[in-house]
Amino acid sequence: MKIGVLALQGDFREHKQMLEALGVEAVEVRLPKHLTGVHGLIAPGGESTTIGKLAAEYGLDEAIRERYACGELAVWGTCAGAIWMAQEIIGYPDQPRLGLMPIAVRRNAYGRQVESFEEDLEIQGLDRPFHAVFIRAPVIERVGEGVEVLARHGDRVVFVQQDRLWASSFHPELTGDTRLHARFVELARG
Ligand code: GLN
């Protein structure tokens with residue numbers, strides 16, 4: 001079982017470490033050929049414009065969409081990665097993106113005063129709260145048909161699933177709690 005971590009920009013190393021802590025083989029994905037044998041892909045936090053531009057430049061987004069359409073790939077976008085997953089990025093119509101999920105996200109939705117914070121979240125399917133780190137986080141303002149909400153922060157949607165796609169506003173790779181990574185590996189195993 002191989003899980004890829006999109007390694008164009010952002011904190012992909014921390015995701016790799018989480019997977020390795022679970023005993024899962026983690027590979028850095030920079031080019032379409034790195035997707036060979038990979039059944040799940042995690043897109044990290046970072047800067048979503050940069051990630052989107054580089055992924056388009058390397059032909060990765062096209063390759064990922066194809067593999068997903070064939071049912072061969074699960075994809076999880078975290079923070080900037082979640083923005084990259086969205087069909088609509090509010091206020092940034094031209095930003096390059098993977099665009100697989102029918103969701104509308106707002107970048108930097110918490111504004112300047114509260115750029116970063118941590119919060120214990122109730123997440124569907126987890127028996128106890130997950131300590132989530134939000135860093136200049138987006139929120140998911142609208143979800144399309146077939147998209148299930150897995151977690152909210154107050155009344156804001158911060159974690160969604162559609163089939164084998166996940167998008168989370170927060171960073172799940174910074175606290176050493178491997179429960180979500182373990183669940184994603186199960187989703188990828190499908
Ligand atoms: N604010 C960043 C963006 O819009 C995302 C921040 C993050 O990934 N921690 O791309």
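Using the three backbone atoms N, Cα and C, a Cβ is placed for every residue, glycine included.
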Candidates R13, R106, R107, R164, the one TrEMBL lists with G46, E47, S48, I135, R136 as binding L-glutamine: R107
Non-site residues, in chain order, whose CB comes within 8 A of the mean position of the CB atoms of G46, E47, S48, R107, I135, R136 at L-glutamine: G10, G45, C79, A80, I83, N108, P138
Fewest other C-beta atoms within 10 angstroms, as judged across C79, I135, which are the recorded positions: I135
Cα within 10 Å of E47 (L-glutamine binding site) - qualifying active-site residues among C79, H171, E173: C79
